Amino acid sequence: MAESWSFLDTVESNFRPLVVIELAKGTKEETIEWFTKRIVDKKADGGAQLLIKPLVTENGHENIYLVGASHLRLLLGAETVGLVKECNDNSMRTFTYSSRKTFKDFADDNHNFLTMAECQYIIKHELENLRAKNEKMIPGYPQAKLYPGKSIVRRLLTSGILVQIFPLHDREELKKLRHSWYGRVKVGFQPLDDIRSYFGETIALYFGFLEYFTFALIPMAVIGIPYYVFAWEDYDKYVMFATFNLLWSTVILEVWKRICALLTYRWGTLLMKRQFEEPRSGFHGVLGINPVTGREEPVYSSFKRQLRIYLVSLPFVCLCLYFSLYVMMIYFDLEQWALDYHKENESNFSSLMLYVPSIIYAVVIEIMNRIYRYAAEFLTSWENHRLESSYQNHLVLKVLVFNFLNCFASLFYIAFVLFDMKLLRQSLATLLITSQILNQFAESLLPYWLQKRHNKRMKKLMCSKKTDTDLSLAEQVNMEKEMGTYLGTFDDYLELFLQFGYVSLFSCVYPLAAVFAVLNNITEIYSDALKMCRVYKRPFAEPTANIGVWQLAFETMSVISVVTNCMLIGMSPQVDALFPDSKMDLVLTVAFVEHLLLAIKFIMAFVIPDKPREIQMKLAKLEFESLEALKQQQMQLAAESLKE
């Protein structure tokens, strides 16, 4: 082992630690030698061709390893993962090592050409694609079976041998980012480019969407306040408000597509090729040949996957939906009990008791959502999807269906079965406010407490070392490995999705929903920034060109909101009085207005381009140049064949 480390020192004298690997205490020496050898082996031999060193502390070697890579290896890795960088002519192109001189700011001695987040993403990609070839088991652990195509990192994690893999923070850059992001309360935009450079495109795009959505809610909030104050019971006056809401929901989603295209083009991810996405680390199967790329990778029968989805996952989801409806009926029994109690006592206490069932139900909804989330993750992983994008789409679909029914089924039941508008207002307000309080506790108060505890631990450690200098590398690693792990933007988008539902589905009943949403999102920006910088370990960067399936989810919610708002307006006494003789005329009129608004929504979605004209022209130019380059290459090959 010692000889291998000295050899690495010779190869790369300026070793830059980027990623930390923590193995379990007591891991066998032969396992460590085998794993580290696979990491440093050449790509042709099935290795990752990276650099790795043990972290030595005052307590000796603690099975913590630092992973890095040579500058040349990172550049070749950037070409492998398809990173897009800015060229000297200000265009964005996929990086290739052969044409490296044409890219802006590139120099052989400029090790900052790739951001630290991009370097860590490359290392993660290489580690995740370490796969077993001829090994039958992990050396030293006969019970940890391997077979061709199995992800080595995945098997080490599931066997408890590998504790965690995480990227290191850059403390100086993080300090600058904290100051510009949330270090002071200000009215302005977030430093999205700095967030992207440090955390990657996925997280930067989430914060961009959160900021945009908050600003987009302000007109709804401003208009909703006077409607709430001056026209509480006059539903006919809400027609204009509901109509504005429906058009607003379409416009903001279409405008977001354009803003998203501008951001991701500037960041290079709009041009990244995703059709040849590598298999996800959790995907397993027999090693075979990809017919498209010709590369070796695991192969798994899509028929078996479909059987798992339709014979196991689908029935389980339906069972959970039934249980959610059963809990909803218990909630209505509690509502009836609280109403009867209030009629018998007519006191201030009994008036407060009217809100208790809704509060309890809101808490139960949050608990059920979180429990179901774990079950959905297990099922989706068991379905064995090849691509990470496919895995995420199936997971999002499972969770969205359950969360939508769990959060909104009671509101639909109150509105269209019980026809109780007063109870609908009360339930909507209680569910919205309670869910926001619970989420703020989990995302603001709890992270703040964790930060304070983290600071105390840090001060205690520094005092014990009797030094006022900055943390050493060993101390930094030991501090960061104890921090929580950020699980991705899934829950953050889900929270915004449900909030969008509360605001748009029943806008003509509770106009103040947008006001509470704006207040919540302002604190959400600061609390999420705090947890990213101070509470959680640094997550790996993940390139993305858009918010993915969440765009479709928000658009679907906006379509559903057209139906609900039209039906609510049609049920109002004022509108009902316009059709005293024929209810069929009322139904037909409401249906006509609903279809008209839907037509307007779809026309607006079609008329507003997803990408600005400037971006469309740049993409068309790149496509033309690619075709011309391909044509020139074919002509050269034809000329060479004629010479022969």
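Just so you know, glycine gets a Cβ as well, placed from its N, Cα and C.
Taken from TrEMBL, the feature domain 'Anoctamin transmembrane' covers 195-621. Per TrEMBL, transmembrane segment is recorded for 203-232, 238-256, 309-332, 352-372, 395-416, 496-519, 586-608.
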With a Cβ cut-off under 8 Å, give me the same-chain residues at least six positions beyond the ends of the transmembrane segment (395-416) that come close to it. 313, 317, 320-321, 324-325, 328, 331-332, 361, 365, 368-369, 372-373, 376-377, 379-380, 423-424, 427-428, 431, 435, 490, 494, 497-498, 501, 505-506, 509, 548-550, 553, 564, 567-568, 571
Residues from the same chain, set at least six apart from the ends of the transmembrane segment (309-332), whose C-beta lies under 8 A from its own: 357-358, 360-361, 364, 368, 372, 375-376, 379-380, 382-383, 394, 398, 401-402, 405-406, 409-410, 413
Below 8 angstroms Cβ to Cβ, which residues of this chain, lying six or more residues outside the transmembrane segment (586-608), approach it? 243, 246-247, 250-251, 253-255, 258, 555, 558-559, 562-563, 566-567, 569-570, 575-576, 578-579
Taking a Cβ cut-off under 8 Å, which residues six or more beyond the ends of the transmembrane segment (496-519) line up next to it in the same chain? 209-210, 213-214, 217-218, 220-221, 223-225, 227-228, 235, 238-239, 241-242, 245-246, 249, 400, 403-404, 407-408, 411, 415, 421, 424-425, 428-429, 431-433, 435-436, 550, 553-554, 557-558, 560-561, 564-565, 568-569
Counting only residues 6 or more past its boundaries, what in the same chain has a CB within less than 8 Å of a CB in the transmembrane segment (238-256)? 209, 212-213, 216, 219-220, 223-224, 227, 231, 500, 503-504, 507-508, 511, 551, 554-555, 557-558, 561-562, 565-566, 568-569, 572, 597, 600-601, 604-605, 608, 610
